[in-house]
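Peer 1: The structure is given below, and queries will be raised subsequently.
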């Protein structure tokens, strides 16, 4: 019986490189490689055993062989056998190559060229070192980005929940968006902890199911985040375009779209993976057709948001050019335009640029998707909460009540409303005395 195979020369260093950073379609973990290696070994030994049992008498030549890397079939003397690189090496290098052995009267010759050279496992390639260093820096950047975003989003979500006067449909949608960014950051940290933890092969089988569940949760959080970005775009577009827009009725539909539709697609993906591609931890998407179950809806949501972005800019430009928009109306539309220009590009429009990107643009794509994308939650929290005039007013009043022991001032807050394509301004006294009005009911941003 052959001994349990260990990773060949160069595999450990390659796995260290693979675990340097989280990537979309990242290199596999050591456990994934060992699972594939064990599957190939078991399959080879079964085929060799069936071949041995089917022979009535020994055949002269070279017997079938498992050399801990490849499965060599029986061969007659004087022949050269060619095999493609084993699957576990192709998982690491994404390159095809061939291995050769000669069958002589004395048996098999050594494999040539060496598997690490034939299959692209070059340990002296300086480009691997540069890429390794780049991925390490990238991992540090997106870890800082997700951490800072997580802190700011938690604070922003707490503020919107704490002040009842800020409770309205618009801010309810913002809360859901903040929560989706929080889940995205947390799922990324959990996934990194599972995928890039100590990969002791003894514990591979014990963590296999849990690792898949983590990947399902991670994919759900990613899709939910894109779904709520789409909801933000649909909501803003509806306020500008639809004459009679019932916000409360649409909120229920938005909740179903934001949390329900990702669950449907991720469940379909998980079931498909289980039956058609149940290999590894489900972090490698070798089957493009299965991966498009998730990738397709995400790209579609990005495309829809981009179309909404263009139409919103068209509407705002038309309103800004009309003669009726003057004074405070003009300032309001400029504020709306600035917020839109800052927010909509953050919806992930840059993904469209990299959908069919060439292989040489991978580093640029990773920088946009991971390094800059990890700060997306921070920017959204600042834009939707900390720079919001209504939020600042409520926090200022509460600060004065708690620390200055003085009655808060009574500033006049200007708000606007849209009705039948026209705009109007309303002034609201923000005093604690008397009946207070909801300061966010008629505001768009």
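Sequential numbering from 1, following the chain as shown.
The backbone N, Cα and C atoms fix where each Cβ goes, glycine too.
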Peer 1: Both residue 164 and residue 312 on the same side of the membrane in Swiss-Prot, yes or no?
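Peer 2: That holds: Swiss-Prot puts them on one side.
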Peer 1: Which one of these stretches, 364-387, 388-411, 412-435, shows up in Swiss-Prot as transmembrane segment?
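Peer 2: Spelled out, Swiss-Prot records transmembrane segment over residues 364-387, not the other listed ranges.
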Peer 1: Here's one to test understanding: among the recorded positions 44, 85, 102, 211, whose C-alpha is closest in space to the C-alpha of residue 62 (disulfide bond)?
Peer 2: 102
Peer 1: Note down the number of other Cβ atoms within 10 Å of the Cβ of residue 281 (disulfide bond), including every protein chain shown.
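Peer 2: Around residue 281 (disulfide bond), other Cβ atoms within 10 Å: 23.
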Peer 1: For the transmembrane segment (288-311) and the transmembrane segment (138-163), check the count of CB pairs under 8 Å (sequence separation 6 or more) and say whether it reaches 3 or more.
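Peer 2: Counting Cβ pairs under 8 Å (6 or more apart in sequence), the transmembrane segment (288-311) does not reach the transmembrane segment (138-163), since there are fewer than 3.
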Peer 1: With CB pairs under 8 Å as the measure, which of the listed stretches 213-235, 251-272, 364-387 comes out on top against the transmembrane segment (138-163)?
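Peer 2: Ranked by Cβ pairs under 8 Å, first place goes to 364-387.
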Peer 1: In angstrom units, rounded to an integer, how far apart are the Cα atoms of residue 281 (disulfide bond) and residue 85 (disulfide bond)?
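Peer 2: The Cα atom of residue 281 (disulfide bond) is 22 Å away from the Cα atom of residue 85 (disulfide bond).
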Peer 1: So which recorded positions out of 44, 68, 96, 102, 103, 211 end up within 10 angstroms of residue 85 (disulfide bond), measuring C-alpha to C-alpha?
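Peer 2: Of everything listed, what lies within 10 Å of residue 85 (disulfide bond) (Cα to Cα) is 96.
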